[in-house]
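Undergrad: These came from TrEMBL, pasted as-is:
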{"type": "DOMAIN", "residues": "8-178", "note": "domain 'Cytochrome b/b6 N-terminal region profile'"}
{"type": "TRANSMEM", "residues": "36-62", "note": "transmembrane segment"}
{"type": "TRANSMEM", "residues": "82-101", "note": "transmembrane segment"}
{"type": "TRANSMEM", "residues": "149-169", "note": "transmembrane segment"}
Amino acid sequence: RFTYLNKVYDWFEERLEIQAIADDITSKYVPPHVNIFYCLGGITLTCFLVQVATGFAMTFYYRPTVTEAFASVQYIMTEANFGGVVLAVLTASFGVTGYSLPRDQIGYWAVKIVTGVPDAIPVVGSPLVELLRGSASVGQSTLTRFYSLHTFVLPLLTAVFMLMHFLMIRKQGISGPL
């Protein structure tokens, strides 16, 4: 009945040994005290993967320049299919660095204030502010840095921490109840 799907599965099985991986995952002991709250890591992973996929799709429309950033976000919100919905999901997630990306007054002042906070640290404050902004003032270099942080550095760090978490669970097992 599903001969085509069986052929596709067999092709992947021959190359990747999917069944062995699935058997390894499903053969792990699950303690009886585990409830729905122990699934929050998996739910977080699912949400993260949705953010990565939708964020990647948004990079096709966003233009990270001082002159075009606002117009590109307006286009995403009003004309791109489901752009407003995707943008709302992403805004609620990686908000701090994403706040600056529309390059409007709210984003500008948020970045100016957030990047100005380290200035109060003696000795290293001013160099740290310049490192965050890319110069003494908020401009194109700041937008480029925050775009890189938002689309590459923070997702990569998040993925690394989640991978470490899941590997620890695989190695040590699920902890007992509190």
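Positions of Cβ are set from backbone N, Cα and C atoms, glycine also.
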Undergrad: The transmembrane segment (149-169): which same-chain residues, six or more beyond its ends, come within Cβ distance under 8 Å?
TA: 41, 44-45, 48, 51-52, 55, 59, 94, 97-98, 101
Undergrad: Please give the average pLDDT for the domain 'Cytochrome b/b6 N-terminal region profile' (8-178) in this predicted model.
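TA: Taking every residue of the domain 'Cytochrome b/b6 N-terminal region profile' (8-178) together, the mean pLDDT is 85.
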